[in-house]
Amino acid sequence: MSIARRTTLSKFLIEQQRETNNLPADLRLLIEVVARACKAISYNVSKGALGEALGTAGSENVQGEVQKKLDILSNEILLDANEWGGNLAAMASEEMETFFPIPANYPRGEYLLVFDPLDGSSNIDVNVSIGTIFSVLRCPDGKQATEESFLQPGTQQVAAGYAVYGPQTVFVLTTGNGVNCFTLDREVGSWVLTQSNMQIPADTREYAINASNARHWYDPVKRYVDELNAGKDGPRGDNFNMRWIASMVSDVHRILNRGGVFMYPADKRTPDRPGKLRLMYEANPMSFIVEQAGGAATTGTQRIMEVQPTGLHQRVPVFLGSKNEVDRVTGYHQEKQ
C-alpha cells in the first residue's frame with residue numbers, strides 16, 4: 001500500500017463526517033482520543049516484563065476479580081486521555097465500582113464513554129492477544145451525568161469498537177455505518193485503514209466456547225454443542241471445529257474475519273447470575289459491531305442490544321457471530337421457554 005494513498009483513522013472519520021453528515025465533530029474527536037489511548041496501552045502491553053507491568057496488583061475490581069497491573073494502568077490511560085477534552089459528561093469502566101464524572105475544572109460534553117480497559121487480562125502474562133473494548137452513548141441529561149444516564153439499551157450506542165493487541169495492533173470501529181478495521185503503523189504512529197465494510201459469513205463451521213464448563217450447561221447449549229461435535233455423523237451432517245482463546249476481543253475478531261459463533265452462556269453453577277460477560281462494556285459494543293457486520297447477537301432469548309440495563313456491571317449470556325448459527329442456538333433456547 002502506497003504511503004501517499006493510505007487512509008488514516010483521522011482522514012476516514014473526517015470523510016465520514018462529510019459524506020454522512022451524522023458524525024458530529026465532538027464524536028469524531030472522542031473516537032480519535034480513544035484510539036490514541038489504545039496506542040499507549042499497546043505500547044505498554046508490548047513491553048511485557050521489560051516494563052515491569054506484568055503480574056497482579058494485589059487488589060480486586062468490583063466484580064471480585066484479581067486485578068493485573070496492566071488492568072489498572074490501562075484504565076488510568078483511558079481516564080487520563082479522555083477526561084480533559086470536553087467531549088464527555090462521564091466515563092464508566094469494568095475496573096471502577098461507580099462511574100467517573102468529568103472533573104469540575106474541565107469542560108464537559110454530551111457523550112458517555114464505557115469501556116473494558118483490558119479484556120482477556122488472564123492472558124497477559126503468557127503473551128496471548130488481549131484488547132480494549134469501548135462503547136459511546138449520548139448523555140440523556142445533557143452534560144450532568146448520573147449512574148442512570150448510562151443505563152441505556154445497546155440500540156442507543158452511537159459508536160463502539162475494540163483494539164486487539166496481538167502480532168499486529170488493530171482498531172475495529174463502527175459508528176452505525178458498517179465496520180472498518182485499522183492497523184497501527186508503529187513506524188509513523190498512525191492507524192491505517194486495512195479492512196473496509198467487514199462482513200461476517202452467515203454460515204460457519206467454527207464455534208468458540210469454554211468446553212470445560214460443559215457439565216454445567218443448560219439443555220439448549222448442550223444440545224447445540226453436541227450437534228456440532230457429532231460432525232458428519234450427526235444431524236448437521238458436517239464437521240465443526242472449536243476455537244477458544246479466552247479473550248473475547250480475540251475470539252470476536254477471528255469471527256469478524258472468517259465467521260463463527262461465540263458463546264458464553266449462563267450455567268448451573270450460579271443460577272442467580274445470568275452469565276459472566278458484562279452488558280454495558282462487553283456484550284453491547286461487541287453486539288453493535290457484529291450486527292453492523294451482518295451477524296447476530298442474542299442472550300439466547302432476546303437481542304442483546306434490546307436488553308434494558310439495570311446496573312453498570314450487569315451480566316448477560318452471550319451468543320454472537322454468524323447469523324444462521326446464532327439463530328439456531330437462540331431457537332433452541334426459545335423452545336425451552
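Positions of Cβ are set from backbone N, Cα and C atoms, glycine also.
Since this is a predicted model, take the numbers as computed values, not measurements.
The feature Mg(2+) 1 binding site is assigned by Swiss-Prot to Glu94, Asp116, Leu118, with sequence analysis given as support. Taking all protein chains in view, 31 other C-beta atoms sit within 10 angstroms of the C-beta of Leu118 (Mg(2+) 1 binding site).
As annotated by Swiss-Prot, Mg(2+) 2 binding site applies to Asp116, Asp119, Glu282. DSSP classifies Asp116 (Mg(2+) 1 binding site) as strand under the three-state reduction.
All protein chains considered, the CB of Ser121 (substrate binding site) has 23 other CB atoms within 10 Å. Annotation source Swiss-Prot lists substrate binding site at Asp119, Gly120, Ser121, Ser122, Asn210, Lys276.
Summary of the Mg(2+) 2 site environment: with the site residues Asp116, Asp119, Glu282 set aside, the chain residues having Cβ atoms within 8 Å of the Cβ mean position are Glu94, Phe115, Gly120, Gly131, Thr132, Ile133, Tyr162, Met248, Val249, Leu277, Arg278, Tyr281. Taking Cβ-Cβ distances under 8 Å and a sequence gap of 6 or more within the same chain, the neighbours of Asn210 (substrate binding site) are Trp244, Ala246, Tyr264. Here the CA atom of Lys276 (substrate binding site) lies 14 Å from the CA atom of Asp116 (Mg(2+) 1 binding site). When the Cα atoms are compared, Leu118 (Mg(2+) 1 binding site) and Lys276 (substrate binding site) turn out to be 16 Å apart. Compute the center of the Cβ atoms of Asp119, Gly120, Ser121, Ser122, Asn210, Lys276, which mark the site for substrate; besides them, the chain residues with Cβ within 8 Å of that center are Asn123, Ala246, Ser247, Met248.
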